[in-house]
């Protein structure tokens, strides 16, 4: 991680997101503290070491903090870095940034916490829902007030990273199990008879629901772990000193929560005190969408009196309602369903409450 931090900094690619395992090449060894501005200032060793694969965050970085998980939030704009104003960045935005950097939940969020940026200020307001994988996946809107007063450049401190992650499965709740140990991510392995117990602990610790399956075929070898299944985290399990077959886990909360929103081409919808209100006689559309985790799937639009289903096209589906009347008033939600890893999964959106009004 120390070398990766230097590489991302030297290339102008933001901060380090992850260091991927599985690089089978060999290269000359380098030792860095993490504070160097370039690799030339690191110590070069004479023996060959496993090749290094680095993923940098090209779009967002944390500057002048104490480590990978803290600093002033800066976003890349027109090939230069811009600080973000406190008024344009809330806790849900912070949750996305902390996730993007592989850190834990936001612990502190304050203007001026890590000083002021020397360059420009980002001119938009982020509107994340907290479930996005990257900050630039979030919606944005033009800032109402185009000034950011001194001392308001937002600083963020994320808690230290979770020491367990699932990689390569298209979701934070599916993939090969890795454990953060002694400054690096290591593959976790388990004997066949122990795999379900270890998987139960992993899904619980990751807040990913329950174990759906433990697919075979992982050809890697990893640090052996023995769990009883009731442990709250892998740290409470017993670590073995020999290598075991790598463990792949699929948890029940595989799919991210879909979005639901209302549009109308005729201007018949407006924002009421209890949510959206629609004039009688106007057409309206309810759209369901989800992040592009897996291809295919379908959306079930559930309504107080009936349900409708459509296949997902480009990870979304639009349900058209002509001539709104009183029968359309009620609560709607989107359920995204997909068959992945030989199992059926589903995830439901928040409720959308629609009121039909007269004039």
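One-based numbering along the chain as shown.
Placement of Cβ uses the backbone N, Cα and C atoms for every residue, glycine included.
Keep in mind that what you see is a predicted model, and the values were worked out from it rather than measured.
According to TrEMBL, the domain 'SRCR' annotation covers 1-57, 60-159, 164-252. Residues or ranges marked as disulfide bond in TrEMBL: 32-42, 128-138, 227-237.
Of all Cβ atoms in the shown protein chains, 17 besides its own fall within 10 Å of the Cβ of residue 138 (disulfide bond).
For residue 237 (disulfide bond), the same-chain residues 6+ apart in sequence whose C-beta sits under 8 angstroms from its C-beta are 198, 201, 225, 226, 227, 228, 231. The most crowded of the disulfide-bonded residues listed here (32, 128) is 128, judged by how many other CB atoms sit within 10 Å of its own CB.
Across the domain 'SRCR' (60-159), mean pLDDT in this model comes to 83. Listed in sequence order, 3, 6, 30, 31, 32, 33, 36 are the same-chain residues at least 6 apart in sequence whose CB falls under 8 Å from the CB of residue 42 (disulfide bond). In terms of DSSP secondary structure, the domain 'SRCR' (60-159) contains 16 helix, 39 strand, 45 coil.
Across the domain 'SRCR' (164-252), DSSP helix (H, G, I), strand (E, B) and coil residues number 17 helix, 44 strand, 28 coil. Counting every protein chain shown, 21 other Cβ atoms lie within 10 Å of the Cβ of residue 227 (disulfide bond).
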